[in-house]
Amino acid sequence: MAGNPASSEIQIRVNSRRGYNAVHPVEIDATTPQQPSSAAPNPVVLREVKHFKKWVPWLIPVFVVANTILFVITMYVNNCPENSDSCIAKFLGRFSFQPFKENPLLGPSSTSLQKMGALDVSKVVNDHQGWRLLSCNWLHGGVFHILANMLSLLVIGIRLEQEFGFVRIGLLYVISGFGGSLLSALFLQSNISVGASGALFGLLGGMLSELITNWTIYDSKFAALFTLVVIIAINLGVGILPHVDNFAHIGGFLTGFLLGFVFLIRPQFGWVSQKYASPAYNSATVKSKFKTYQYILWVVSLILLIVGLTVWLVMLLRGIDANDHCSWCHYLSCVPTSKWSCKTEPAYCWSNQIGDQLNLTCSSNNKTSTYTVSNPSSSRIQGLCTQLCS
């Protein structure tokens, strides 16, 4: 403060996401040793507020490694040469990929994904394998699938973990993935589903709600909001393509959006700064840690989240098909055009084994083919059937 040798100024640096730094000035304690009036002014001291400190991200990289390891294990279990005659990249041996017609993502067969824990509604409801609602979020359908998801996870997740720590971001990731699996299971009951997309959209939803609930922190508020909304809209738009589970995206986004109001709330600047200022210099005391609207959003979001996930889970366990109650909702996941079809039912075939001759007839297109195999396994027959029906 100019002209007052008994006091100087200290600044608290508050780090915020997306590159915006807010600096809030706070005067230091009056017990600071006085300096002669002719002495040079004290240099500004920057201290990082613990409520806004930067965390060292480690959980998100661990998630990326875990997903990658599980994909390698899935390819080992798949063992394409054992169940297909036309594997891609045969030099990889049992790690080679299924035929492109069967899996254009360069990955394993649907049967292998089921073995590893893919979301299969019939197994969840009839066989009480509810763990698939979580395990499916750690599996991927192919190289392209896992590359896209893991790159997105690194870009989005590390920034959030730096800002909010591994506990809150880890819970946000896992719970959002669970919410995405629930909504997917209610609408896509004839197909299996895998991927971390629901959890990723949960992180995007959390970013949006964090921007809203901590609105006063950001400088370029509307620019940040517009950019984030455009990113979310583009990603949801991609979800209307076939073979992409947009219901998992929507379910994960809604779950993450509500969780963001609960987990990613920040205290007021005034409440934080007064903890670092001397009472003698703290003329405007802020009694409440959070603003009123933050409390309201916290309570409402928590109630909606608990009620929503509970209702979805009860509907699923009772075997309810949500498409029966919403005739147009299937367009949210796939919009049919002249360029592609939205029919992705699993392949079924009639088989007849005579000696070393296996005769297969696809139930969907009535194609028939004969293969020379002796004592084929069920996975081998399913692999040949999938190729025939493709």
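Using the three backbone atoms N, Cα and C, a Cβ is placed for every residue, glycine included.
Taken verbatim from TrEMBL:
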type     : residues : note
TRANSMEM : 55-76    : transmembrane segment
DOMAIN   : 128-264  : domain 'Peptidase S54 rhomboid'
TRANSMEM : 138-158  : transmembrane segment
TRANSMEM : 170-188  : transmembrane segment
TRANSMEM : 194-215  : transmembrane segment
TRANSMEM : 222-241  : transmembrane segment
TRANSMEM : 247-265  : transmembrane segment
TRANSMEM : 295-317  : transmembrane segment
| message | Within the same chain, where does the transmembrane segment (55-76) have neighbours whose Cβ lies under 8 angstroms from its own Cβ atoms, ignoring anything closer than 6 residues to its ends? I mean 6 or more beyond. | response | 94-95, 97, 107-108, 112-113, 116, 138-140, 146, 149-150, 153-154, 157-158, 161-166, 169-170, 173, 196
| query | Which listed range (138-158, 194-215, 247-265) shows the maximal number of Cβ pairs under 8 Å with respect to the transmembrane segment (170-188)? | reply | 247-265
| note | Counted with DSSP (H/G/I as helix, E/B as strand, rest coil), the domain 'Peptidase S54 rhomboid' (128-264) has 107 helix, 1 strand, 29 coil
